[in-house]
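Asker: This is the feature table in Swiss-Prot:
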type: REGION; residues: 1-43; note: region 'Disordered'
type: COMPBIAS; residues: 10-37; note: compositional bias 'Low complexity'
type: TRANSMEM; residues: 52-72; note: transmembrane segment
type: TRANSMEM; residues: 92-112; note: transmembrane segment
type: TRANSMEM; residues: 147-167; note: transmembrane segment
type: TRANSMEM; residues: 181-201; note: transmembrane segment
type: TRANSMEM; residues: 209-229; note: transmembrane segment
type: TRANSMEM; residues: 255-275; note: transmembrane segment
type: TRANSMEM; residues: 291-311; note: transmembrane segment
type: TRANSMEM; residues: 323-343; note: transmembrane segment
type: TRANSMEM; residues: 381-401; note: transmembrane segment
type: TRANSMEM; residues: 407-427; note: transmembrane segment
type: TRANSMEM; residues: 441-461; note: transmembrane segment
type: TRANSMEM; residues: 465-485; note: transmembrane segment
Amino acid sequence: MSQIPSPNDPASTGAAPSSAAVPAGPSATPAPSPTAGFSLPGHRPPPSGKALAALAVGALGVVYGDIGTSPLYSLKECFGGPHGVRPTDANVLGVLSLVFWAMTFVVTFKYMSFVMRADNRGEGGILALMALVGKTETTRLGRRMLLMLGLFGAALLYGDGIITPAISVLGAVEGVAVAAPAMERAVVPATVVILVFLFLFQKQGTAKVGAVFGPVMLVWFATIAVLGVRGILHDPTILRALLPTHGLSFFARNGWHGFLVLGGVVLVITGGEALYADMGHFGKRPIRVAWLGLAMPALLLNYLGQGALLLHDPGAARNPFYLLAPEWALYPTIAIATAAAIVASQALISGAYSLTQQAIQLGYSPRVTIRHTSQREIGQIYLPEVNWMLGTACLALVLGFQTSSRLASAYGIAVTGTMIVTTLLFHRVMRDRWGWARWKAWPLTVLFLTVDAAFFLANVVKFRDGGWFPIAAAALVFTLMSTWKRGRDALALMLKDAGLPLDLFMADVARRKVQRVAGTAVFMTSNPGGVPPVLLHHLKHNKVLHERVVLVSILAHEIPFVNEPERVNARELGSGFFQVIAHYGFMETPDVPALLDSLPRRELAGPRLTIVPMETTYFLGRETLLANGPSTIPTWRKRLFIVMARNAQTASAFFGLPPNRVVEMGAQIQL
């Protein structure tokens, strides 16, 4: 496991990065290796029986919310969108054939059979995959390219997270216009109200209502399956669409126009990335069982049912999903669809929280407030800043685009762009992690990329129709993350140069016999081999040291979780000094007071390291950054980095330090 910088230097306002990955010089005292000896988490036996069924139902509520609500708008876009085709019998069979094979190839073959095998200690997703392949890259250019690729993929996921709640809830509420055309004007206001309540509810957490997400989606999939079977029974000839020849003849018959329809077909596989990203929550087997056992059959039946309806009534293309339902079941279907859309939205919102937490720990995002909303579930978190940004963007989309059909034009680019990034990173896994030969890895990569690129190109033509939004959102997020990374790296070098090797400092303390005062002083440092500048400033200005001085380093690693027995290394340095190095994965949030309180139980560094909270003072540095320094970073990036640093959550809050026990010392740094 390769070490990475900790999440923004703990000794700063939120600007300074960790320099732990930078050697402290040949004379530095060797710190315990943060990467040596780490073992894989204990492997649990694959779930079976009731446990497997429970996990599979849970996966329905989290993993399949996005792809599960696609029937609300997918075929409507294929036949009624700006690039849709006329719903003739041949076109209906052709589009349904493309739908079936897209689901089979992309979701079942690509993600289920291959991509989900590339896990980072059980975790999946763009950033986890980027961290996994980054360990094998030895060249600076190669690591930089992988970093840029992964960050852009993550940025696209944020665009996906903004669009999904808007399009899912809009698509569900639009059923009201089918049931009562006079109520069409109420669709947008009703959608806004639902989304406002959804984002306001986030601070309460999902611990209580999360248990019903799975059953809600179970009812949803059962409902769409029944509706689909009802449609198929009216015209079983739609089953001919399962033959790939209808898809091929569709392209031959419609040419370029037929190719553009892929921009609508791709909507049936939106959410495929969620299967991989949420792998750590449920495991591979429950996700596969839920897909093959219920989600895919239900979706396929519903799409075929909509197709059968279009064979019988081409005019139903204006909203084939709701027109598939009998009149008496329309309002119950709208209610179930709205509930499913809320569940799908919640899954994407929670995914954005998790992605941001990973980005912070991996050093690609400033610190933000992270609140744990459940004492039992470690992954249930709430990020207020992210929540309000997502909520504002979602409401703006609904008010700006007005209909799910218009939003569909914006949706595809984010999804297909992420798919391409995943394929490129997965190729590196096959070659570097699994050791596959070129002749074995390249054909699979080319096959995946051909399909991904076809979907992407079919969506690029929608740039003016709304495709610009996810690109703009991704470009903004990418700029912020890359700027933060570059700024942190530059600042890390400056802080390292301003520090002092630990062994030289310890020798100087022993020689000078500095006056000591009662109590414990804790200094946060990102470099285990060096002395933090704040300690040097404290000694220079105050001329005293506490009787116990603890140097704490928080090191983040490119794995999701660290085993508890390997969490902490501690040692006594002499002269009342102790060093504590704590290891965290990118899915974990450090709590320094709790960590120090646990040291006696861990039997590390002896009984002398017992921390008494009311006798302990935490010293942090607060740097004022200026943009007129020698760094080669462009001035506009320096200024952006400084703004981000000023608005980042304070180190004391992020690491859980008691505010009344924190002393901050200022310094000015020219970046």
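Using the three backbone atoms N, Cα and C, a Cβ is placed for every residue, glycine included.
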Asker: Please work out which recorded stretch in 52-72, 92-112, 381-401, 465-485 has the most C-beta pairs separated by under 8 angstroms from the transmembrane segment (291-311)?
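Answerer: Against the transmembrane segment (291-311), the leading stretch is 92-112.
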Asker: Which bits of the chain, at least 6 residues beyond where the transmembrane segment (181-201) starts or stops, bring a Cβ under 8 A of a Cβ in it?
Answerer: 165-166, 169-170, 173-174, 338, 342, 345-346, 349, 387-388, 390-391, 394-395, 398-399, 402
Asker: Most CB pairs under 8 Å with the transmembrane segment (381-401): which of 147-167, 209-229, 255-275, 407-427, 465-485?
Answerer: 147-167
Asker: With CB pairs under 8 Å as the measure, which of the listed stretches 147-167, 209-229, 255-275, 323-343, 407-427 comes out on top against the transmembrane segment (92-112)?
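Answerer: Stretch with the highest Cβ contact count: 255-275.
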Asker: At an 8 Å Cβ cut-off, counting only pairs 6 or more apart in sequence, do the transmembrane segment (465-485) and the transmembrane segment (147-167) clear the bar of 3 or more pairs?
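Answerer: Yes, the stretches contact each other.
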